[in-house]
């Protein structure tokens, strides 16, 4: 039995990587990369060793050849941090994003498989992925998002759920996919309260065929604020002696100056963690140090760990210089327009390269936003090479994919109209507004691919007064009552000219008296 | 139904209607008087309600406030710094650069926005910094703003210092849900208005929908202030949600800071006269919005943003960090919101910081004033000889009046945008309309009188539902016109037309209410329309001027 397990493990591969890089302004960028790879026999029953069986079975039952999931929150500050890590290929927009390549006969069949897939994943990752149904899902072109495993004979489907709050309950199932869970190895450094107190954070799960084997890559990237890790999470005022003041100031006045770069170690950033390694694979830590920083008194650090995770002491000489590569382009998207009925969108894409670039811009819009494609205008220096627009039908999302050639910067603008929903279609928090998925921009330049997502947007829709049905019932009843009274009166009464009105008839008392007489 | 049938029968006999019609002018005066009396009756105990929170999610002042102790030292240091910029008479671009630098000391992303006047001339540079929420979807934001100079043009020393102190303070927070935008516009009116416009149209660095805004005004170099005055009136009759005003008031009272409304009396000393005074302050601010003395929060109007101004009144009861704590607490309540402000009232008059009347209670007074015009229209209909009522005369009157209104609106618009050729053209069409009305026959003049009264009644009551105060003020100013007509006494006509004369009105209203010369008063209205998008000038052109012109023409 043991031999069999060892044999199984020999056929599988597991590796853990941690990349750390101090950024300017006392921020620290770190990426945890967990890779699992295993040969999967094409004939069932499949033997799973490293690769999580539960996930494997979901993929198997839904004929999914590739699956990509992103959880994200925060905004990447490219001004100070430069280009996105790994060219943005592991980054998600805010909320949850999911795309899959499914083997199916046609779109209808693929949709059925997809619904099954997202509903199972929904429970699996504790996220409302079940809401990624046919009203949200889009079918981007394979030119924009090619399968990593290279299987072109599939149907690509993508959905994003921008309103989904990402938090600890998504991290826990994420860590459970690992062979050592978070009991040993680098994953013990990931605790919910530290990960989600970061300025920017993304988690990704990618499953794809790789060299005849099945590969699972799980990545957590975050930018933490180093200063916050030294203080109470509650923002108590600091002691006067702890303030960093301009030296010219006197008593009772402190002109605050930038906090100098503080020294820290792994424990201050990630909290207390187990130092044992996961015996199932190699673990590697690599530190990318800017000039002026040292780790354990050395200017560079890269090591394959053998027994335990070492403590790393980061110290700066206070004169660190950062040279981050700027991203190839920057996308800004915002609403324009005035009032509740009409609106507009304004997208500015700036090319940071000295030569023209060719990008694809993808976005999807919910059915209650009626886009007017004839209002699409292009300003700045660039052209629209190709335009695909699938309007919303049957409450599906509208999908827009543009191929753009950008010289220096372009401004895309278009208008839309907001429609009223049916009363029961409004969510309980209708006045919150409706989240619009992040737009995805992809640059492909030979083998170089760079992806960037804008933040999601919040669209306020006209919301009816929900007590209105009650008021309407009351008003209608009143009007009906009045009308009924009038008509009833007209129907029942005799209309007689005044002159013909019979002269004063006897009243009841007189009648009774008459009878008695 | 029986009652109605009897009434109809009686009127058919002719006596009832005649008796009523004879009393209509009296009823009309009575109507207006009752309307005004209702207004005076509102501050009486039992007529108003105590304010309350409708939105449960606000949780006003439910947590400990943290802006204290060493933050005082920081605010002091920043204040010394910015005071030195002002005392050294530094040029604007240097001031902007150095203020930006202060934001950068706290690692706050800071951007600038160059704004220009409506005519395209350069106005100044606004500074704004964005503190991103750690936990949130990054598509909602709240604004804290402190104009460099306040609404009286004084250097907003404490306000800017507290804003910068708060910017530093909020970088320490890890549990914020909404992004925070700190704005320092170069002045409290046009600069802020341009920034708000730009945020929704052209600014590249934005942080999501603005759910609420707090403007800080602390124009004193003292470390102490007496109490906080809350300003909330917006342009064009818009008001922030009552919940926001309540939240600020509640937060202040929880910090033991007294509050007042629109420069009126503090909450603890309340009587009929103070409530009446506050009521008139509400009407004054709302009717005069976009002309002069606007609280800077009015500049957020029109973009679905609820905004208030916190104004420190000089004195020595509280220290400057209490002002910051009130702002902190109010922002945290906005931060707690899951939905946009929608629960509480959007139309109200505040009689004190803790008592209000809702639209159902105060609207009748403006509607009654407007109704007195309609009553006079009925009176004219019933009193003119039957022969005078013919459709041709009516059509003539309607056509002429529409022509007059269009001419005035065109004239007003092109006067405002300084297009003098078109302005003169509309002045020409205006004079044609005037000559045409003067040359009308007596029956058409009578019809014109009916048309003017009916239109005034309808327009004023419609306006009252949007901008109560402006409708009320216009209604009172135009009231004499209801009793002007060719069938009235000549002396009465001339006296009434004199009282409601545009020259007299601009002189009296401009001088008494705003302390402005008539020319300045008109300039301010035009400026409000052009720079701030306040509609008062166009409303005056579309309602007041044509009505008075038509009324005087038919009396000639």
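Glycine is no exception: its Cβ is also placed from the backbone N, Cα and C atoms.
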In TrEMBL, one of B:337-353, B:422-438 is tagged transmembrane segment. Which stretch would that be? B:422-438
Proximity verdict for the transmembrane segment (B:394-416) and the transmembrane segment (B:450-483), three or more C-beta pairs under 8 Å: yes
Looking only at the recorded stretches B:20-42, B:365-382, B:529-548, which one has the largest tally of CB-CB distances under 8 Å to the transmembrane segment (B:450-483)? B:365-382
Test the contact criterion for the transmembrane segment (B:365-382) and the transmembrane segment (B:529-548): 3 or more CB pairs under 8 Å, pairs 6 or more apart in sequence, then answer yes or no. no
Give residue numbers and ranges for long-range contacts of the transmembrane segment (B:20-42): same chain, 6 or more residues beyond its ends, CB-CB under 8 A. 48, 276, 279, 349, 351, 357, 361-362, 364-369, 371-373, 375-376, 378-379, 382-383, 472, 475-476, 479, 482-483
